[in-house]
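What follows is a set of notes on a single structure, which appears directly below.
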Amino acid sequence: MPLVSTKQLVTTAYQNKFAVGAFNVGNSEFVKNIIAVAEELESPVILEIHPLEYELMGSAIFKYIREAALTATIPVAIHLDHGRNMADVLRAIQDQANSVMIDSSGLPFEENLKTTKQVVEVAHSVGVSVEAELGSIGNRKFTEDQNMGRIYTDPESAKQFVTETGVDDLAVAIGTVHGPYPSGENDIRIDILKQLNETLQMPLVLHGGSDNPDNKIQKRFKMAYRMVNISQILKCRFIMALLKLVADKPGEYEPWIMMPYADEAQKKVIAEKIRS
């Protein structure tokens, strides 16, 4: 099956009120595992690449994904995750990503709007859809602040942002964070999500999907989110399986022996997230 556009997948999800899993690719093993599980569960999937992963693996990872998609039995799309600037976006477009994210959420509102609008104009001219972020999705990994860097998305500002930029879908901040949550209840604002969904009437993207309890994603988020990003937990399960194997079998070093352990651990969580 050939590659499909992210816009096609997300639009279909929006029209039919379901969410598509968008999984970060850390290496070629991730690609193989994600597609294998998606095929088994007969689910479409988005494979996305963060700029730092892009720098590590180079353009070859896009070629690898495209070739894997050609033999896949389910729809596969390729997405640039958290593009930092126009250079990231242009490189991904050149390598045939069919959607990109420009994340200028750390800038003041007007600068975020201006940068996003410029990216939309360029990307749309070559048929590439664009995701942007408004507000600030926290990151537990990089701060011990109780708020974890979160700034909630204002619905009226979001309406202006979407109207003026022409962005295809929007990552909104309602209290989710990248990485693991601290113990206790997190500060997820379902009331803001409802307002955003009613005001924008467009596909919304969930970032920080790794550590949210799956029943919350399924029952409380399904009203609005049409693309759910999963990253941290994929990497954690993969690496932890390798570390356990090294501890259990000192001196083992053959990849053909070690990789299946990591693959199976990762496949299990991929299946859990797709089913949720």
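Placement of Cβ uses the backbone N, Cα and C atoms for every residue, glycine included.
Some features that TrEMBL has for this protein:
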type	residues	note
ACT_SITE	Asp81	active site, proton donor
BINDING	His82, His178, His207	Zn(2+) 1 binding site
BINDING	Asp103, Glu133	Zn(2+) 2 binding site
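For Asp81 (active site, proton donor), the same-chain residues that are 6 or more apart in sequence and have a Cβ closer than 8 Å to its Cβ are Ala22, Asn24, Glu48, Ile49, His50, Pro51, Met101, Asn229, Ser231. Calculated from their C-alpha atoms, the gap between Asp103 (Zn(2+) 2 binding site) and His82 (Zn(2+) 1 binding site) amounts to 5 Å. Considering only the binding-site residues His82, His207, the Cβ with the fewest other Cβ atoms within 10 Å is that of His82. Between Glu133 (Zn(2+) 2 binding site) and His82 (Zn(2+) 1 binding site), the C-alpha separation comes to 9 Å.
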